[in-house]
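*Asks:* What TrEMBL shows for this protein is this:
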TRANSMEM  12-33  transmembrane segment
TRANSMEM  84-101  transmembrane segment
TRANSMEM  108-127  transmembrane segment
TRANSMEM  133-151  transmembrane segment
TRANSMEM  163-181  transmembrane segment
TRANSMEM  187-220  transmembrane segment
TRANSMEM  232-251  transmembrane segment
TRANSMEM  289-308  transmembrane segment
TRANSMEM  317-337  transmembrane segment
TRANSMEM  349-368  transmembrane segment
TRANSMEM  380-397  transmembrane segment
Amino acid sequence: MRTTVKKILKQYGWQLELLLFLVLSLLWVLPWATSGKLYTGDDLGFHLNRIQGLAQQLKLGGHWWQIPAVSTTAFSQWGYPINLFYPAVTLLPAAWLQALVPGLGGYYLYLILLTLTTLVIAAAVAHKLLGNRALGILAAVLYTFAQYRFLDFFVRGALAEGVVFAFLPIVFYGVYCLAYGDDRQWYWLAVGMALVALTHVVSLLLCAVGVVLMASLWLLRREGLARRAIHLGYAAGFAIFLAATFLAPLAEQLKTMGKLGVQQYTLITSAMEPGELLRNSLDNALSSAQINFGIIFILLTVLALVVWRKLLPLDRYYLIIAWVFIFLATKLFPWQLFQNLLGAIQFPWRFLALACFPLALVGARAISVACRMVTVPRQFLVVGIATVAVVGLSLSLNNQLYQQTTSANTKIVTAATYPAVASGDITTDYVSQKGQVSMAAVRTHSIPVMNTQTNGQQLADLQQQGRQTVANGFIYQITSEVPQTIKLPQIFYPGYRVTVNGRTQRPSLDANGVVHVKVPTGRSTIGYRYQRTVVQRLAAQLSFWSWLFLLATPLWRRYGSGLQMRFRAYWQAHRVANK
């Protein structure tokens, strides 16, 4: 019997693992998916608008593989260039799914896909780090069903931060390779950091701090410091190349737009009180005002301390670095000294995301040691029991959250309300501070309203006949009885171009960044469209060739010598045949 099980696992191991992860992914979203409802929490409405904007741009004629710079059909439909400031690469699958299954169904499918991806990546990395497939699966389950990840998706609605969980194990493995393992595999860190950069900018800053701290792993080996430092430089540079398609346009916009409307926070104020963090974790609190990392990781920490002497040095390091990140989430760290440098992270408790994977690793090892997971049957038993316990707790918390939020809660979305919620967000984080005062008028999409005089009267000699939404902007139809300069209900961003009756016109801007154009007497067609800038085009080329090089190099190393030998043999046979 045991031999048969081993044979099946050897022959169909990855298929069975994938099937298990698919079932777990379905279970993770099951309570909400079967209810036909969705709790938006703090930020999910914003992210649903991002998804809806991408999906609608595809319907307006955009390329399925290309991310539009502006959103003309969401965020109150004024042409918000959200994708220049907030990376959208990892939202493209959500947009494709919306094209197939619109509304809540498409979003739930996206969550299933994200959870499956997170499980697969976490299991692969944990397998390499722990040296055991069963432990890899257990660590992946502990990580993917972590309380903090649950809060990100279902309580806070922080979709982008939740997506980043899929890539944090790659970052962790990249640092492991550079500081302790085979530093010739530095490219893993580049890939992980690039994927984070293409998902959530604040998480990129968190990961940069995390990489600096996790470089201390070198102390366990103390070998090849200079060589490893050089490879770290390679990883940093290549990560920038891979993510240049987003980072370069972002830098271009920030340089032009100046100070934006993103809300600022004092880090020492937004950090957690240590006692509060522990109490929330022991309670598995389900509120965005009660951030925590869950009772499971507390219990696993206690178990790891109990079996401390039987843990490997690497396992002990995982536990220590995890609690360093937890320490950074609290007011115990002197955050007031780093306000200017790291103020963009807004909330120090975001470091809890970095603590989850090392806690899952050491937790899996501690369970293995405590339960003596030596034989295959025992591994099956322990991993099965632990998985059922973790998933069962997650389902219970999901049900508890559902009961708390579905009674007369304005943040609940149904199939009927989804279209309005996913297109009407009024966020202005990425509008310059000087342009904020004009946003109420901009959202009317009305040229007459935009040109209201100081006495409150609209211009009698100016009428708007229509406004057409296109993939990259808008077309206005107006009639003016006199030649004049008028305001468009648009805030200017680098890349937007104006045409009046087919002729390109360089617009003027007022102090608020509102676009002014000259129109002649009579009927005019005004086009206001976004065109990719030179910086965007060059950055896209740089990223494309960098990704191609990254993918082609290992393939060439693996198959190149064989291809060369075959070519030489063919050439020699050809020469002999022609003699």
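Think of each number as a place in line: the chain as shown, counted from 1.
Including glycine, each Cβ sits where the backbone N, Cα and C put it.
Buried or exposed, and what's around them? Tell me for each listed feature.
*Replies:* Remote same-chain residues near the transmembrane segment (12-33) are listed as 39, 108, 111-113, 115-116, 119-120, 123, 133, 137, 140-141, 144-145, 154, 387, 391, 394-395, 398-399, 402 (criterion: CB distance under 8 Å, separation of at least six residues from the stretch ends).
Beyond its flanks by at least six residues, the transmembrane segment (133-151) meets 13, 17, 20-21, 24, 28, 115, 118-120, 122-127, 162, 165, 169, 281, 284, 286, 288, 291-297, 300, 352-353, 355-357, 359-361, 363-365, 367-368, 373, 379-380, 382-383, 386-387, 390-391, 393-394, 397-398 of its own chain at Cβ-Cβ distances under 8 Å.
The list of residues near the transmembrane segment (163-181) in space but at least 6 beyond its ends in sequence, with Cβ under 8 angstroms from a Cβ of it, reads 90, 114, 117-118, 121-122, 124-126, 128-129, 143-144, 149, 152, 187-193, 195-196, 199-200, 203, 207, 210-211, 214-218, 220-221, 228, 231-232, 235, 314, 353-354, 356-358.
Long-range contacts of the transmembrane segment (187-220) within the same chain, counting only residues at least 6 positions beyond its ends with a Cβ under 8 Å from a Cβ of the stretch, are 86-87, 89-90, 160-161, 163-164, 166-180, 228, 232, 234-236, 238-239, 242-243, 245-247, 250, 313-314, 317, 321, 324-325, 328, 342, 344-346, 350-351, 353-354, 550.
With a threshold of 8 Å between CB atoms, the same-chain residues lying at least 6 positions outside the transmembrane segment (349-368) that come near it are 122, 125-126, 129-130, 132, 135-136, 138-140, 142-143, 146, 148-149, 152, 161, 164-165, 168-169, 172, 202-203, 206-207, 209-210, 270-272, 277, 291-293, 296-297, 300-301, 303-304, 306-307, 311-312, 315-316, 318-319, 321-323, 325-326, 328-329, 382, 386.
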*Asks:* Taking a Cβ cut-off under 8 Å, which residues six or more beyond the ends of the transmembrane segment (289-308) line up next to it in the same chain?
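*Replies:* For the transmembrane segment (289-308), the list is 142, 146-148, 150-151, 272, 276-278, 280-283, 315-316, 319, 323, 326, 329, 347, 349, 352, 355-356, 359, 362-363, 365-367, 369-370, 390, 393.
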*Asks:* Short question: which residues 6 or more past the ends of the transmembrane segment (108-127) have a Cβ under 8 Å from it?
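*Replies:* Distal contacts: 17-18, 21-22, 24-26, 28-29, 32-33, 51, 93-94, 97, 101, 133, 135-137, 139-141, 143-144, 149, 153, 162-163, 165-167, 169-170, 172-173, 357, 360-361, 364.
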